[in-house]
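A quick write-up on the structure given underneath.
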Amino acid sequence: MVAFGKKLKENQIEEWREYYIDYKFLKKKVNRYTQQIDVGAENQLYVLKDFSRMLDCQIEKIVLFLIQQQGLLASRLLNLGEEHDALLQQSDGSKIPELREAYRVVGHDLLKLLFFVEMNATGLRKILKKFDKRFGYRFTDYYVKTRANHPYSQLQQVFKHVGIEAVVGAISRNLADLQDHEGNYISIYDQPSLSHPDPIIDSIRAAVNKLSNSTNFLEYLGKHAFIIQEELPTSSEESFIEQNYHFMSLLLNLVNTFLYMVNTYIIVPTADNYSLRLGAAATVCGVIIGSMAVAQLFSSIYFSAWSNRSYLRPLVFSSIILLAGNTLYALAYDLNSISVLLIGRLFCGLGSARAVNRRYISDCVPHKLRMQASASFVSASALGMACGPALACLLQTNFKIYKLTFNEDTLPGWVMAFLWLAYLLWLWISFREPSRETKELVPQQTNSGLFVNDGAVESGSTQPLLLKSEAENQDEATYQELEDGDEDSEGSHEPVTSIVSAYRLLTPSVKVQLFIYFMLKYAMETLLAESSVITGYYFIWSTSSVAIFLACLGLTVLPVNVLVGSYISNIFEERQVLLASEIMVCIGILLSFNILIPYSVPQYVGSALITFVSAEVLEGVNLSLLSRVMSSRLSRGTYNGGLLSTEAGTLARVIADGTITLSGYLSESRLLNATLLPSLFICISSIVATCLTYNSLY
C-alpha cells in the first residue's frame, strides 16, 4: 500500500503540469491586447469579454481536476477504511503500522494538492492585477463580481476548497483510531484534543488554514491586531524559532501593551479638571490627551526601525521614557505649569512601543502559537482601555507628602510611574533577547506544500519535522516562471525602505481601508476625549461617573469581538459587515447632535454606545481585510503594514484632539455639535469610498 501511494505520487507529478494556470500564455495575451488597442485593431469591450472567457476556461480546468483528485483521495480512503474495519474485526495489531503509514501517504498527496491549489490561486491573483495595471480599469472588480457570487461559481471552488475538510477529517479520525490508547479506542468526536494526533495532520491543517477564508473568534482577534502573516516558515526556520521561543518575553510584551493602554486612558476622566486647575480652559484637555498621540507619530517609526536590531533595548528605553513622562505629568500640579504637563504627555507618547510588541509576535513566536499571541495582544489592549478609566475612578483622594500633592489629578501620573518602574525591573531580570541568526541562516521561501519526515513519525515524535520532498521541488519549479516573469511591484519580496515606497504599494482598495481606519479612530477619539467636558456641561457628572462610563465602554470590546468573530463573520461577508458598521457609526454620530430637544443622558449614552461599538466592529473587520490584501512586502521591515495602520490611527487621534481644543473657543455650549460635524463628514466620505470599491473588497 505504501509503495502504491508513492508510485501514484510520482506518476502525478508530470501529469499535473498541464492543469496549472497558464500564466505565460495569459501574460502574452495581455501584451497582445495592449498592442491591438494601441493600433485600434480591437476595442476594450472585446478584450474584456475575450479575456474573461479564457480565464473561465482556465479556472474550469483547475476546478474539474481538483474535484477529480479529491475523488481519487476519497476512493483510496474508502478502501483503507474497509481494511481498517477488517483489522478491527480480526484484532490483528501487526498490520496497524502499515495501515497507519498508508493514511500518511494519502496525507502527503493531500498536501501536494493543497500546494497545487495555492499556486493556481496566486497565479490567478497575479494575472488579474497585471490586467488592471496594463489597461487602467478594474477588470478584477468586474470578474469577481460576476463570477464569485454566481450559484454555479467555479471561482469559489478555487478559493474555498470545498471537500478538502472532509478528506482531512477522514485521515485525522482514522489516524487517531489507530493510535495506542492503552486499549481504549477513543473517538476524536468524544475527545477533540485528539483531532491532530499525527504531525502530518498538523501540516495539513496549517496549509488549509492558510488557504481558507473561514473565521473564528481567535483568528478574528488575531487579525484585529494587524500582525500580517507571512508565508509559512520553512522547517529549519520554524525549528529555530521554536527553540528560541521564550514565553516570559512574550508575556512582557503583552504587559507592555496593557500598561500603555492604561496609561493612555487613565487621564481622560480628569484631564479637563487638571487643565482648569493649571489656569487653562477645560477644552485644553484635547491638547493634553492629543500630545501623546503627536509624539507617537514619530515614536512608531523609530521603534519599528530599532526592532530590526533589538527587542530588549527599545522596551527598556520605552519604560524609562514613560517613567519620566508620568513623573513630569504628576509634578506639573505642584509646579503649576501646563508646559510641564504637556512635556510629560509628549514623553509618554515617545515611549509607545506597540510597534515592537507587534514585531516580536510576528518574528519570535512560533507559527502555531502566533494567532493565540495576536489575539492576546488585542485582549491586552482592550483590557487596558477599560482598566485605565476604572483605575482613575479609584484614585479619588487628596493628601500631601512633604511638598508633593496626591489627588485625583496627579495620582494617575504617580501610579503609572510606579507601575513602569516595577515593569522595568521585571523586564531587565526576565526578558531574553532572541537570536537573530535565523535571518542569516535560512532564506525566505514559499513553503506551503510541506511534507512530513517519515522517520520522525516512526520514531513517535510529536513535533512536526517538515522537509521538502522531490515532488514539491518539481511543483515549485513549475510555478517559478510566474515569479521570474512578473515585473509587477509585488514580484520582489524585499521589505520596503521608505514610507514613500510603502505608499506606492497601496492599491486603491487598501487606501480606502486605511481611510476607514482613520475615520473610526477619529470618531472614537472625539467621543472619548471630550466625554468629561460634555458630561460635565450637560449633566454635571463627577469624575467617578465619567470614569465608570468610559470603563463600561471599554468592557464592550471583547464581547463584541466574540459576537462578530464567532457568529456574524460566519454568516455575512466581511465587506458586508464593513459597510453596515460604517452606516451604524454614521447613525450613532447623527444621534449625538444636540438639536431642537434638550440634551438628555439616554440620548448621549445611547448614541455613544452605538458609535463606540460599531467602530469596534468596524476596526476588527477593516484590519482583517487589510491583513489579507496588503502586499507581502509590507509584512516585515521598518515600514510595515502595522506601522501604516498605526500612523493612520494616530494621525486621526491628533486631528480629533486638536479639533476639540479649537472648538473650545466657540464656547462649551457649541463644542458638541462643532466636533461632531467633522466626524459626520469624514464618516459619509468613507461610506462613499467603500461603495466605490465594494467589489474589490474580496
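Even glycines carry a Cβ here, placed using N, Cα and C.
Automated prediction, rather than curation, is the source of TrEMBL annotations.
As given in TrEMBL:
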type	residues	note
DOMAIN	2-145	domain 'SPX'
TRANSMEM	250-268	transmembrane segment
TRANSMEM	280-303	transmembrane segment
TRANSMEM	315-332	transmembrane segment
TRANSMEM	338-356	transmembrane segment
TRANSMEM	377-399	transmembrane segment
TRANSMEM	411-429	transmembrane segment
TRANSMEM	514-540	transmembrane segment
TRANSMEM	546-565	transmembrane segment
TRANSMEM	577-597	transmembrane segment
TRANSMEM	603-626	transmembrane segment
TRANSMEM	676-697	transmembrane segment
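When DSSP labels each residue, the domain 'SPX' (2-145) comes out as 131 helix, 0 strand, 13 coil, counted as helix, strand and coil in that order. With Cβ pairs under 8 Å as the measure, the transmembrane segment (603-626) is packed most heavily against 514-540, out of 250-268, 280-303, 411-429, 514-540, 546-565. Taken together, the residues of the domain 'SPX' (2-145) have an average pLDDT of 76. At the 8 Å Cβ cutoff, the transmembrane segment (338-356) and the transmembrane segment (315-332) share at least 3 close pairs (sequence separation 6 or more) and count as touching. Contact between the transmembrane segment (315-332) and the transmembrane segment (411-429) holds: at least three of their C-beta pairs are under 8 Å, each pair 6 or more apart in sequence.
Long-range contacts of the transmembrane segment (250-268) within the same chain, counting only residues at least 6 positions beyond its ends with a Cβ under 8 Å from a Cβ of the stretch, are 274, 288-289, 292, 311, 315, 318-319, 322, 326, 329, 345, 348, 351-354, 356-357, 360-361, 364-365, 373, 376-377, 380-381, 383-385, 387-389, 391-392, 412-413, 415-416, 419-420, 423, 426-427, 430-431, 528-529, 531-532, 546, 550, 554. Within its own chain, the transmembrane segment (377-399) is flanked in space by residues 221-222, 224-225, 227, 254-255, 257-270, 357-358, 361, 405-408, 411-412, 415, 543-544, 546-551, 553-555, 557-558, 561, which lie at least six positions past its ends and keep a Cβ under 8 Å from the stretch. Per-stretch counts of Cβ pairs under 8 Å to the transmembrane segment (514-540) identify 676-697 as the leading one among 280-303, 411-429, 577-597, 676-697.
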